[in-house]
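Features as listed in TrEMBL:
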- GLN47, LEU48, ARG49, ALA50, LYS51, ASP83, SER127, LYS159: 4-amino-2-methyl-5-(diphosphooxymethyl)pyrimidine binding site (BINDING)
- ASP84, ASP108: Mg(2+) binding site (BINDING)
- 17-218: domain 'Thiamine phosphate synthase/TenI' (DOMAIN)
- 266-510: domain 'Pyridoxamine kinase/Phosphomethylpyrimidine kinase' (DOMAIN)
Amino acid sequence: MNSFPYPSMRDRFDLRFYFVVGPDDCGNRPILDVVAKALDGGASFIQLRAKTQDVAEIVSLANDIAEEIAGHHVEHSVAFVVDDRVDAALEARAKGIKVDGVHIGQDDLDPVVARKLLGPDAIIGLSAKTVDEVREANHLPEGTIDYIGAGPLHMTATKPESMIVDENGDITTLNVSSIDEMRTMSKYPLIVGGGVKADDIPMLAKTKADGWFVVSAIAGATDPEQATRRLVDDWTAIRGDEKPRYTGRKPAATKLPAVLTIATTDSSGGAGIPADLKTMLANDVFGECVVAGITAQNTTGVQAIAAVDPSIVGAQIDSVFDDIRPTAVKIGVIVGVESVKTVARKLRDHQATNIVVDPVMVATSGSSLAADDTIAEEISSLFPIATVITPNIPEAQVLAQMPIGNQADMETAAVQLAKDYGTCVLVKGGHGVKDADDVLAFPTGAVTWFEGERIANDNTHGTGCTLSSAIASYLAQGEDLEDAVRDAKAYLSGALRANLNLGKGHGPMDHAWAMH
Ligand SMILES: Nc1ncnc2c1ncn2[C@@H]1O[C@H](COP(=O)(O)OP(=O)(O)O)[C@@H](O)[C@H]1O
Ligand SMILES: Cc1ncc(COP(=O)(O)O)c(N)n1
Ligand SMILES: [Mg+2]
């Protein structure tokens, strides 16, 4: 059982408005009241700094403060750490108290040891007084600490131990140029504190610092809420109020299934390879492409088309499969018989899976995209390795050699093609007069209809490319074919419904409709 049930705050803390507080800093007031007021005023980070309390007292205080933060419903945005006491932080976390980490000083526990003890999910902040200490922090092993607290800005009674003594033995403090030098040097976000008062904020906000940290400017104020709000407002007046994203920490490695399109470019971006890659991006897979033809094309037609040397087509496939191996492959227009043969051979060699073949013959604009001998080669060498082929009605008429005038004809053609080629066949109804229903036939003779409401949008350039790429994307994510078609169709419908209107002819769709 995980006794600490909260997600790590390491990738989501907000250092800008950092309140450091202990029971002895609040005069006669209960610390919880002061913390509550600071939260009301906009504090974005809380540190419990209890120098004279023992572990049991710190854990109990931490429990109360964590509950106060949760009571304000900011436990997922306001991080809470304890100063120095890794032992107390560990005990609190083991008890399920939401202590997100620790802040440690130069003379406290070694940060490397603290990281070992606390594990990878806890925030660790480190104090630094000088550029040299920042440089040393940079040399810590990757992932040891999360931020730097630099100071003091002024001499302070709350932290007498944090004086900076220069080479002459004189006591010094930070200033604009030393702050900027430290922040420039630092791999980590850096906040400045130590005697910081409200009057300092406009100056600090103009430095490269990522935020301020204060004790008495809030804990010692007559009205801690108002004091916090002023510190926050004076900062955001200069820096804006956007929550920062720190880039210092490398996030945990992530994986995406890769999907490859083997197709032809469309210079206007709405169909072919550009449409395929945009579809993959929008459907949570990593898109790769093998260019098997080039068009000069826009929404009014295909002005020119060129083949790519078949050996270059083959080399691209090798490059892709030898490194980021795709889980699914979408095949669109391939220009030239030799390139079709090469694609079929390479996909067999690399044992490609989840192959979606879109047997494109004519673009939405009416321009022809495939010569008869190329189509014949696709039928003989690509259909046998396909998981599914996706002809539209005109293409299905050619392939099945029958006229298609209604939905019964669509189904008959799909069933016949599925039997003939031993593969699944999706006959798409975009060219039908009624609705936008598609029919999927299996080699067994089974049939599934996918109903789609016809969307009143003539900007359908790239619908077929987009649907087949989306099917490949969902297959790569482990869906079965029926679910993949259903989800792909839903994505496509959204892209049509977004009603993008570009170009003089049948324009492209908005592939990013769900991302805006
Ligand atoms: N106006 C429309 N409204 C809703 N869906 C459509 C529309 N036009 C096409 N579709 C859908 O787009 C997909 C591609 O079909 P289609 O346009 O027939 O292919 P192609 O682009 O190869 O000619 C199919 O799922 C089809 O149902
Ligand atoms: C390079 C290229 N490939 C395919 C299509 C088909 O477009 P649609 O998806 O509208 O059938 C196209 N117009 N251009
Ligand atoms: Mg098509």
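Placement of Cβ uses the backbone N, Cα and C atoms for every residue, glycine included.
If you take every residue in the domain 'Thiamine phosphate synthase/TenI' (17-218) and average the pLDDT, you get 93. Comparing the binding-site residues ASP83, ASP84, ASP108 on other C-beta atoms within 10 angstroms of each C-beta gives the minimum for ASP108. The Cβ of ALA50 (4-amino-2-methyl-5-(diphosphooxymethyl)pyrimidine binding site) has 22 other Cβ atoms within 10 Å, all protein chains considered.
Distance between Cα atoms for ASP108 (Mg(2+) binding site) and LYS51 (4-amino-2-methyl-5-(diphosphooxymethyl)pyrimidine binding site): 12 Å, as a whole number. In this structure, the binding-site residues under consideration are ARG49, LYS51, and the one with the smallest number of other Cβ atoms within 10 Å of its Cβ is LYS51. Long-range Cβ contacts of GLN47 (4-amino-2-methyl-5-(diphosphooxymethyl)pyrimidine binding site) within its own chain (separation 6+, distance under 8 Å): TYR18, PHE19, VAL20, VAL21, PHE80, VAL81, VAL82, ASP83, HIS103, GLY125, PHE213. Between the CA atoms of ASP84 (Mg(2+) binding site) and LYS51 (4-amino-2-methyl-5-(diphosphooxymethyl)pyrimidine binding site) there is a gap of 9 Å. Considering only the binding-site residues LEU48, SER127, the Cβ with the fewest other Cβ atoms within 10 Å is that of SER127.
In the three-state DSSP reading, GLN47 (4-amino-2-methyl-5-(diphosphooxymethyl)pyrimidine binding site) counts as strand.
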